[in-house]
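According to TrEMBL, the protein carries these features:
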- A:6-329: domain 'Aminotransferase class V' (DOMAIN)
- A:193: N6-(pyridoxal phosphate)lysine (MOD_RES)
- A:337: substrate binding site (BINDING)
């Protein structure tokens, strides 16, 4: 049976036709005036998305590269850091920091829950000598579908000298984040999530305090050197070859974001997440995250007893052309994840629910066909 | 709210990404060897879709142009013709034939019903002198969503000298048609329906008998002159500039058709039509055509009492991004039509039903949300 692909994973996400079209242009010289104008323009417009007055640096990179960039630019070997982890990507920050010689202390919360700002505040209050140089936070934990209250977590860091580093890879552009207003020192993200681009671009912004730390940092770096990137940006350039086609795409993606408006985009993500969760519940399935901390961009679903998560993913993909994500690390095969980040419409949610109902039926699980769709329809109609 | 467009009209239909990509190539000289190879190849492969050994002629044209080409190539002014009409496109054949001086007799059937082969057989039996030169048939009447039994209608013409002309514009490639086996003399179609191309190409094939009639025909023609097109085709050429990009697309569309297989394509169209009709019925709406004659490619739906068809179309388009077609001529605003021809998957049907349920709700019509989707899901699961 002919299928149309639906890429419902939390990155890479579906790329709008307009962005694909924009990328389909002859490559230009990255040392010429045409590129310079393009790069200055997108770098400037990215500030609005980060809600910052600081430079937004662009790297040819995956999201993990930006995590490494955050670590190596502000720290020196032996520095004490506190990593607040609620899942795979929190753990990854700890791993990277340790590899480069930081002394890592973890503040772990159960997977599926959000970090408690109170606990963070208490831990920092205990650090009377101010030994902790940086606190690493995950805005949206992609592996569990939980969004941390980064504003409250950053507020819990106030009064302590530690820099606040935020992994906003799967949140920026889908969930509100106000870098300057919330006092965030390093914010990183990737292109292939809410920014609606194919993978290949990473972005990082640093506060004044973070730039000062940069000047002192002795961790080894060449590719990730933020000062080199900043210096090149001042001339509308990159220190090494940028993925020019992705920058054509970025200009168009930013145009799409500006046309829809950030607040409308955030509201859309919330509505689609609410509709999806209502639908999943109506077909009798469990959700890993509580409504209060549920991510607007990715939803982790518990499969019914006796049916492997991987089987559900396989049937969705092979029978209906809908690609979902699996669980990672200790959640492998315990959950499946539905991405609804970036270029996602109400119709995508309806299709996912209708085919999920049919998939469960095909796998022998009793489900009232149409019930999940109906629950989502009600949410959408109530808008 | 961000929308993704769904073009659910009976032509032009959605064009597969692979076809769009194939068209995105530099234009080539239509008098060179590269074009000649391409044109010979697609012309040859089109024969499989027409199920004929005859040449399939390609014109830069809309579907209506192919109707005119059929008329002017086989007839002479003053010729008597019988036009079997079950809707707008049957009537159009009569109009064209009359414009060019044919003496037109119409055999009308109520809109929403199919033509009765028995009635046709009786009329031809009454034409003892064999004055009727051609019988014009519509395979799939796009305006009413009815598919004629062309095989039976052609069989009803056996024994009478009239040529059998078939408008297969919205059927070829979606509904089985066997030109040679069924004894059809002229078959025409367009690119923008089941052939999954953007509009701009028309196709016509003629039987030996039709070619003989061509040689005698005195209706004025230059652009539509089938003999000129056939002569050029023998050299891998066209008598005048062909839409080269569409021919790139045609090569890819034929590849898609060959990969899926005609029988699978026909089965898919039947299944999707059945699922859609079950869904429409489950939400309490009426269907113009009876199941027995319902088109596998387009479905005409009766709006609920008190709600204008146009309002439904407007809400579907503006609120959800789903484009449906309206009623034509005397069916204007009496029906709306859902196209499910060509590049259409199960998910398109589910989206259309889910959004139609929500549209009716928004327009104040009581409908059990999810009920239409459920009915379609059941049909799909039973496959």
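Backbone N, Cα and C atoms are what each Cβ position is placed from, and that goes for glycine too.
All annotation found in TrEMBL is predicted automatically rather than curated by experts.
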Candidate with sparsest Cβ neighbourhood (10 Å radius) among A:193, A:337, the listed recorded positions:
A:337
Quick one: Cα separation, residue A:337 (substrate binding site) versus residue A:193 (N6-(pyridoxal phosphate)lysine), in Å?
15
Please report the DSSP secondary structure of residue A:337 (substrate binding site), reduced to three states.
strand
I'm checking region-level scores; what's the whole-number mean pLDDT for the domain 'Aminotransferase class V' (A:6-329)?
97
